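Taking it in order: structure first as structure tokens, then the write-up.
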Amino acid sequence: MAASKPVEAAVIAAAAPSSGSGVGGGGTAGPGTGGLPRWQLALAVGAPLLLGAGAVYLWSRQQRPREDGGRGDAGGLKRNSERKTPEGRASPAPGGGHPEGPGAHLDMNSLDRAQAAKNKGNKYFKAGKYEQAIQCYTEAISLCPTEKNVDLSTFYQNRAAAFEQLQKWKEVAQDCTKAVELNPKYVKALFRRAKAHEKLDNKKECLEDVTAVCILEGFQNQQSMLLADKVLKLLGKEKAKEKYKNREPLMPSPQFIKSYFSSFTDDIISQPMLKGEKSDEDKDKEGEALEVKENSGYLKAKQYMEEENYDKIISECSKEIDSEGKYMAEALLLRATFYLLIGNANAAKPDLDKVISLKEANVKLRANALIKRGSMYMQQQQPLLSTQDFNMAADIDPQNADVYHHRGQLKILLDQVEEAVADFDECIRLRPESALAQAQKCFALYRQAYTGNNSSQIQAAMKGFEEVIKKFPRCAEGYALYAQALTDQQQFGKADEMYDKCIDLEPDNATTYVHKGLLQLQWKQDLDRGLELISKAIEIDNKCDFAYETMGTIEVQRGNMEKAIDMFNKAINLAKSEMEMAHLYSLCDAAHAQIEVAKKYGLKPPTL
């Protein structure tokens with residue numbers, strides 16, 4: 001899968017618009033990334049992104065492996081080979097058949113006798129007689145002159161192959177280590193040891209070995225790439241589970257929060273306070289903090305929302321809930337929303353469950369809770385539960401445009417493009433002024449045409465984008481999605497203009513600067529300008545983990561692993577979900593592995 005850029009995922013899956021800041025700016029992305037959110041992209045692509053496989057998400061190109069896997073016989077096997085067979089011929093050595101009987105080897109030198117023992121071992125191996133093969137390889141090792149490093153390494157590797165068939169993983173690792181000590185760039189031995197480490201649950205050692213293999217093979221062998229992907233995911237999940245459990249909740253930036261709430265129009269809790277909720281005295285105060293008319297924790301929380309004093313909202317909502325006040329349902333939903341925003345889904349779910357179960361509550365509150373719980377399920381990779389919640393929301397509040405808008409984004413993530421278009425159409429029918437839904441409908445149609453390689457439909461979708469930005473010139477989302485489509489079509493200059501329009505409309509949107517920076521790399525290979533724009537994103541929003549992650553990825557491609565690790569660690573501390581954190585740990589672990597491989601073997605992947 002080629003990718004022209006990393007894709008930000010929504011904090012609550014597809015709930016936030018894709019022009020939002022940080023990780024949570026968007027539920028969708030351009031077809032160049034398959035339209036996946038970043039957490040899903042990490043699972044789909046994994047190690048090829050992380051280990052330096054041709055700057056996958058910095059450049060719009062995909063390395064295509066040669067039929068022989070990019071290497072000759074000495075470097076490895078074909079790209080999907082199982083690497084099960086031992087090395088060397090099973091046929092007799094030059095000069096005749098295998099010697100038999102006492103004294104038969106007297107006229108052969110030590111290396112010839114070692115080769116003959118190895119060849120005999122190969123015959124036993126192919127016959128499935130692994131114990132006998134091991135005996136022959138052991139004889140070859142004992143006979144081989146110690147200065148014959150290459151031959152000796154082959155004998156150890158062959159014996160490791162036989163041990164592997166007997167599932168004696170410790171012995172496999174030991175023999176491969178001997179082989180690598182004698183021949184440090186021995187791909188077969190490194191890969192076999194990586195597999196043994198995997199079986200022994202030595203994930204760090206497995207990752208280092210398979211990283212070396214990937215670099216030696218030029219990232220052309222699918223088998224080693226898949227193992228790298230697998231172990232990176234496992235390491236990432238393990239570390240994220242521990243870290244996320246003990247993390248301090250972190251409120252996103254004000255721009256991110258406003259962007260998130262702007263994706264809802266039928267969300268009661270995000271609406272401005274009504275006049276009746278403020279005191280007459282407050283109405284006359286210009287520029288001073290308002291005080292709510294009632295002694296209500298929920299209304300106080302709403303006041304803090306208007307003041308962008310977000311850190312106090314959860315505690316005020318808790319006061320309303322504990323007192324079982326008039327606005328308890330609203331307070332539960334508002335508290336759940338901010339729990340989701342700070343990345344505490346475990347705390348959010350009971351509140352959402354309760355709102356959904358309150359039959360007497362306003363139907364729009366219940367529908368909004370279902371949308372948010374459904375989006376949470378999608379981020380947790382539970383698409384069936386997610387779909388159920390969105391469908392229930394549509395059943396209880398069929399005139400709620402938000403349901404169709406957010407369900408349309410869910411359908412895009414599930415590659416159900418026709419259903420996504422139908423949902424966007426229903427949203428537009430209910431809310432004709434919805435620029436966001438119209439822009440995302442264009443994107444869905446474009447993606448369908450792009451993946452189907454239908455040039456006439458692509459042109460129709462591009463024309464649709466032009467109509468949307470003409471009709472809604474203040475909709476930053478329209479320009480952002482159009483820019484992604486233009487980038488896919490390699491119309492880089494026009495894409496750059498669209499990102500400039502986004503910046504004019506939303507100058508504090510850090511994500512747009514990151515996308516524009518990545519465009520400079522793809523378009524002009526202008527590394528300095530790209531880094532300047534991404535640095536600007538961090539200056540605007542120092543909580544934009546998307547910017548730190550992207551910066552780290554660029555540093556990996558430049559070979560600056562220590563700096564990359566620093567960027568990834570900053571992104572980890574800002575991650576809003578355990579899954580997001582696992583992906584970032586995978587990036588970080590890949591960089592660490594490259595440092596170790598460079599120290600041990602002097603191997604480095606190509607750099608920018």
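Every residue, even glycine, has its Cβ placed from backbone N, Cα and C.
In TrEMBL, the feature region 'Disordered' is placed on 14-36, out of the ranges 14-36, 267-289. Each residue in the repeat 'TPR' (114-147) has a pLDDT score, and their mean in this model is 97.
Residues of the repeat 'TPR' (476-509) grouped by DSSP class, helix first, strand second and coil last, total 27 helix, 0 strand, 7 coil. DSSP assignment over the repeat 'TPR' (545-578) gives 29 helix, 0 strand, 5 coil. According to DSSP, the repeat 'TPR' (367-400) comprises 27 helix, 0 strand, 7 coil.
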